[in-house]
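These notes concern the structure reproduced below.
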Amino acid sequence: MHEMAICESLRVSMEEAARAQDFSRVTRVRLAIGAFAGVEVEALRFGFDVVMQGSLAEGAELVVLEEEGTAWCFDCNRTVPLATRLDPCPCCGGERLVPNGGTGMTIKDLEVV
């Protein structure tokens, strides 16, 4: 379950930000997670609650913003939305696609005190 490792990294990032920006508590975390990032959101929520215990983010609200997956279609030469990596191009039916959006995870913002 790599979601626990993601939560550990998130905790470290928040602790570093707290030292650099002089805050002591995080009350809300907004994460943007791409459809192709390979993150199970429910497992991430569970891991977040466990990993944040005893930290500056204990009890913080986790808000997940799900980003659409997109890919470049080499057959019709454009970026198209995809529900899964295995879907054909919704415009031309082509299968020569390379994901170019919705592949990552980003901390959008933190609500702090």
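Every residue, even glycine, has its Cβ placed from backbone N, Cα and C.
All protein chains shown were included, and the count of other CB atoms within 10 Å of the CB of His2 (Ni(2+) binding site) stands at 12. Summarising the annotation, Swiss-Prot assigns Ni(2+) binding site to His2.
Annotation comment: Swiss-Prot describes Cys73, Cys76, Cys89, Cys92 as Zn(2+) binding site, evidence class sequence analysis. Cβ neighbour count for Cys76 (Zn(2+) binding site) (all protein chains, 10 Å cutoff from its Cβ): 14.
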